[in-house]
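Participant: Have a look at the structure that comes next, please.
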Amino acid sequence: MAVSQSVVGRANAEKPHGLVGMLKNPYVFMTCAFASLGCIMYGYDQGVMSPVLVMENFANHFPYLMGSTIQGWLVSALELGAWAGALFNGYLADRISRKYSMMVAVVIFTLGSGLQAGAQTPAYFFAGRIIGGVGIGMFSHVIPLYQAEIAPPELRGSLVSLQQLSITIGTSIAFWLDYGMQYVGGTTCNPDGIDNPYLPDGTYNAAQNHGHTCLGQKTISWRLPLALQIIFAWILFFGMFFFPFSPRWLMTKHREEEAVVALSKLRRLSPADPLLKAEILEIKAAVLFDEESDQEAIRVGGRLAPWKALFAPNMFKRLVLGCGTMICQQFTGINAVLYYAPQIFASFGFSSTKTTLLATGVTGILQITFTLPAVLFLDKFGRKTFLIAGAIGMFCCHVVVATVEGLYQDDWLKNMGLDKAQGWVAIAFIWLFAVNFAYSWGPVAWVLAQEIFPNSMRSRGVSIVASTNWMFNFIIGLTTKDMLKSMKYGTYIFFAIFSALGGLFIWRFAPETKDKTLEELDVYFGGAEDSIAESDRLRMLRINERLGLAGVERVEDLANEKMPVHDEVREM
């Protein structure tokens, strides 16, 4: 295992990691867990729509939203808003703080959720999806950033991984809440004055029944699930008043004394403690490093130079790897399942909404359970192992589902309403697909994206990689419904091919980043002695010498030294 180049990292190397470490640091653990409420809302909003779309009362209110193409736009509108929110929040989080940008996201998210829950026309519903998506995109950007900046080094991986775990928890809550709410008033609309509310194929005739009051299923069945997410949002909003600003953000704003107080509270250490002194100095060194890197790039190449550097050969390979990984992640089909799970399960010969929503709820529970192995064992087995194993598993599952549907879809159409054993086989392999994604491409793709860029390029590189993820998420949400309608089992062949290509892509082009230094990765990507990672190393060495960190092997060496913070922070 590589030895940390950080004096704080070396000091913390022997401290408890994982669950034990989090329990021994309850304040920072609870702060990160509380911030993850935003990710619960992210997962909740992704999961809540698919069961709502199959509720008869919803169809009765919005018959014009029942077509496959328009449903694709309705579902993907969230991703389009999230793409914009993630890009916009990069500036906002730096400007007003990570903490306050989360609170702004709550206000925007509340407006979007309120429009969805109270919508009387499709236009209001679309507006709610887009506006709510902006808030979700802001959460997806700022929450892991805040968690990473307040977490102690030995717990950073575990605490940041709460993001992915929280997303799966939110999705599962939405699935099961929708499952329970469908029973309010009954599972069918039973429109007043309509003798036969169904089409010959058994689907609800929304166009005919629109305007006739549902005597069965109530409007609250879908309005309440869409509204309840606002509660999570405002718990987060008011709770953030009691949690600290990011010490690193405070340092970038030259608020050094506040940074010391915030970090002291997070670490439960006295401001005079040598370990706290060392971490404050390392935070300051990182801030100086970022400022100097940007200033030098702008001086040489203008204001766009820091972005242009991403397209130099050494960096462009990393950018292609990060963006390619996210494209493959989306084209595994995971969000096709999350967005349209009830419709997918119904296509396997099940006409009962109860059965399809129950199967959807099981998907959410499996995702929560099997995200944990990545949290516990990722640093032991490595990134490539998880990604390749997951790709193989997803490929096999898609092939089985495509085969079963190809063989039996005609029988399912002829015997709609009969729960076929073959249909349960297809559902079981959709569940196994979700399992394989949960421990691999869900959390690990994001870990890899964080690790392949050197310090001076990480923020910009990851922002492009993240926006790529949102854009292809949008494409999947938009096209899946039409793919299922026109390609049928060919949809799973498409996802199987991309799952296999994703595994091959990682095997052929991705380095194993576990325990690798930036210099080692630079060699892999074709760097030289004067490459960006080497330049970053030399710049950081100069800064450490200025701050008195150079040559310090133990935090105790700082115990009797005056921290050179006040004046130098003001000079930044």
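Every residue gets a Cβ built from N, Cα and C, even glycine.
I grabbed these lines from TrEMBL:
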DOMAIN    31-514  domain 'Major facilitator superfamily (MFS) profile'
TRANSMEM  27-44  transmembrane segment
TRANSMEM  64-88  transmembrane segment
TRANSMEM  100-117  transmembrane segment
TRANSMEM  123-146  transmembrane segment
TRANSMEM  158-177  transmembrane segment
TRANSMEM  226-245  transmembrane segment
TRANSMEM  319-341  transmembrane segment
TRANSMEM  356-378  transmembrane segment
TRANSMEM  385-404  transmembrane segment
TRANSMEM  424-449  transmembrane segment
TRANSMEM  461-480  transmembrane segment
TRANSMEM  492-510  transmembrane segment
Participant: Between the stretches 158-177, 226-245, 356-378, 424-449, 492-510, which one has more Cβ pairs under 8 Å with the transmembrane segment (319-341) than any other?
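Facilitator: So the stretch in question is 492-510.
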Participant: Could you pull out which residues elsewhere in the chain have a CB under 8 Å from any CB of the transmembrane segment (424-449), counting only those six or more residues past its ends?
Facilitator: 144, 157, 161, 164, 168, 321-322, 325-326, 328-329, 332-334, 337, 341, 344-345, 348, 359, 362-363, 366-375, 378, 383, 386-387, 389-391, 393-394, 397-398, 400-401, 404-405, 461-462, 465-466, 502, 510, 513
Participant: Six or more residues beyond either end and a Cβ under 8 Å away: which residues meet both conditions relative to the transmembrane segment (123-146)?
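Facilitator: Same-chain contacts beyond the ends: 35-36, 38-39, 41-42, 45, 62, 65, 73-74, 77-90, 92-93, 98-99, 101-102, 104-117, 160, 163, 233, 246, 446, 466, 470.
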Participant: If you average the pLDDT over the domain 'Major facilitator superfamily (MFS) profile' (31-514), what number do you get?
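Facilitator: When the pLDDT values over the domain 'Major facilitator superfamily (MFS) profile' (31-514) are averaged, the result is 88.
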